[in-house]
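Working notes, structure below.
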């Protein structure tokens with residue numbers, strides 16, 4: 001009977017094969033194709049913590065084994081492809097250095113290179129499956145847009161780890177709630193779990209735990225707390241414990257990275273013999289004062305050796321370090337949350353929220369001082385971390401490292417708002433004044449309101465930089481708010497809120513009355529940042545005696561000293577200090593003239609338009625700062641003279657074209673064009689300072705105005721001039737600047 005049974009099953013198998021077209025190799029008709037987990041049998045998932053459902057460490061299953069992707073050469077284009085593999089429409093960002101924690105197992109892909117249009121990650125270039133020289137400290141992650149692809153099958157792609165996570169941490173003051181000034185520095189630790197806020201059991205609670213919590217809340221350190229007082233207070237209060245067994249090392253950037261345990265829903269006895277965990281955090285001087293008062297930043301012990309540049313918000317930016325009296329950047333190789341947290345705490349913030357690579361905060365200029373920084377997280381300064389000194393061949397400014405730090409919650413953004421604008425980034429500025437029970441909203445007088453004041457307003461609003469500061473707001477309706485409550489506002493541009501700026505106080509005095517003559521702003525998340533190539537000024541400087549008959553156009557544009565008006569035209573000459581100016585845009589937005597083409601001024605003599613009346617100031621100063629000669633340069637042609645390799649030119653002056661300087665490009669004013677000089681005809685021999693200031697009137701907003709000035713030492717003997725030691729205003733340490741300023745005074749200015 002056995003052969004018959006086999007033959008019968010064979011007939012049935014043949015019949016089924018004939019009925020199934022796929023057995024014959026012909027495709028079967030189908031509806032819309034279902035998105036499958038990769039053409040090579042791959043599966044994808046998001047893993048790690050802390051995270052949201054649409055972000056995490058990318059893991060790929062291949063040949064039955066889960067593995068990760070190295071962050072080397074990872075880009076947003078690769079993130080787009082992976083997010084589509086995961087069922088999302090696109091990526092909004094990506095992370096490096098194992099932000100969501102290190103994975104385990106194989107590192108499947110390294111040096112992944114995608115254009116962003118690929119249907120599968122298998123179409124992207126890489127070193128090959130399983131070929132990697134990375135560690136799991138370099139695992140890449142993605143942040144996808146929270147929008148699913150239509151018809152995408154979840155079942156065979158995303159495998160989300162279903163475990164509890166600490167999503168957020170806060171301090172709840174146990175006494176005086178609502179009356180204590182912000183930021184709150186002491187109180188009960190509460191964590192937000194999926195079902196709401198809960199307390200943490202303090203059994204086994206350590207100073208390391210407090211250090212991590214305070215870092216998450218924006219504070220650099222912690223101090224001892226009176227536990228007995230809080231235990232006594234806890235006996236009279238109801239508590240909802242959700243977490244216990246917290247054991248941090250102290251170097252973690254987030255509480256979720258610590259060892260901890262969650263109470264189960266059926267746990268009836270929670271935290272027996274214990275109480276709610278309490279912390280007391282120490283704020284930096286910048287945040288130590290109570291809300292509403294001017295916060296005085298105390299002088300740190302010694303000069304800071306680390307700073308942040310190019311960030312749109314407080315506590316973020318490109319990391320720059322001071323070495324041998326000169327500021328330089330840090331290469332992003334092996335840059336991680338531990339190193340970023342050391343920087344953040346050193347600067348008086350909390351732990352790092354994000355470690356940024358790839359010049360996300362704009363490219364620096366000059367030296368790159370450090371590379372491969374490896375911090376444990378316990379170091380008091382970045383300079384205490386093991387690192388490698390760098391050479392020019394090792395790294396480029398496209399790899400400048402940056403940070404985003406945790407900041408204390410001060411609530412300043414609740415005391416300002418915009419009204420009447422077309423979007424939330426623009427409008428008439430309204431501020432809240434008065435005390436408890438008498439709070440009211442009012443407007444700000446537009447007199448003297450400018451770019452620096454608008455920068456502070458946008459920063460307080462959390463909207464980044466100011467594109468424009470407007471003194472009149474005719475086209476923005478103020479609604480029901482018509483009272484002007486603040487006037488005489490004058491800011492340096494570094495304040496965290498308008499309260500910290502100088503103003504008239506309760507006495508309001510406006511030259512022009514009416515709600516249409518009030519302050520307005522247009523904010524932006526990005527801004528330009530101009531920087532003068534100081535070495536070129538030093539290399540190209542020389543003296544020319546130019547005949548007066550060749551200077552009529554220059555005189556018309558006021559490019560000569562005032563004594564030229566009484567000269568015997570067209571006879572005689574003027575002595576000019578000439579030099580070239582190469583102005584780079586290192587920001588994250590194009591530099592554009594404030595005025596549109598319709599309002600540019602035509603100058604017949606030179607035959608060109610001026611898009612900015614004064615683009616640059618040139619000055620010769622004595623050692624004590626007295627100006628002995630000056631010049632200025634109107635922006636008759638802002639254009640992209642040259643650009644970096646991967647950047648295309650966008651602005652050209654020919655044929656009344658658009659003017660500006662693209663990010664990554666520079667505009668060159670050669671030494672041999674009109675007005676590219678200082679008239680030094682009346683200057684006596686001696687030692688001086690040559691100063692060049694770009695955008696001196698702050699007509700166009702930039703992310704950083706401190707690097708707009710350049711200074712050089714110069715020695716003039718009546719016939720020749722030596723220009724040396726040229727540097728950007730904030731490129732030197734304070735001590736190096738003091739030495740620079742003392743140098744010219746070593747020789748008195750006597751006629752030789």
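Glycine is no exception: its Cβ is also placed from the backbone N, Cα and C atoms.
What TrEMBL says about a protein is an automatic prediction, not a curated fact.
What you see is a predicted model, and the numbers here were worked out from it, not measured in a lab.
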Quiz prompt | 244-266, 267-289, 290-312 - the range that TrEMBL marks as region 'Disordered' | solution = 290-312
Quiz prompt | Number of other Cβ atoms within 10 Å of the Cβ of residue 114 (disulfide bond) across all protein chains | solution = 21
Quiz item: In the predicted model, what is the mean pLDDT computed over the domain 'SRCR' (416-524)?
Solution: 90
Quiz item: Least buried of the disulfide-bonded residues 83, 258, 344, 405, 491, going by other Cβ atoms within 10 Å?
Solution: 258
Exercise. Using residue 83 (disulfide bond) as the reference point, find which of the disulfide-bonded residues 70, 124, 248, 385, 501 has the shortest Cα-to-Cα distance to it.
Key: 124
Self-check item: Shortest C-alpha distance to residue 124 (disulfide bond) - which of the disulfide-bonded residues 248, 258, 331, 491, 501
Solution: 331
Exercise. Starting from the Cβ of residue 248 (disulfide bond), draw a 10 Å sphere and report how many other Cβ atoms land inside it.
Key: 21
Self-check item: For the domain 'SRCR' (44-145), residues assigned helix / strand / coil by DSSP
Solution: 16 helix, 35 strand, 51 coil
Quiz item: To the nearest whole angstrom, what is the C-alpha distance linking residue 331 (disulfide bond) and residue 134 (disulfide bond)?
Solution: 17
Exercise. Run through the domain 'SRCR' (416-524) and tell me, per DSSP, how many residues are helix, strand and coil.
Key: 17 helix, 36 strand, 56 coil
Quiz prompt | For residue 375 (disulfide bond), nearby residues of its own chain (Cβ under 8 Å, 6 or more apart in sequence) | solution = 336, 338, 339, 341, 342, 382, 385, 386
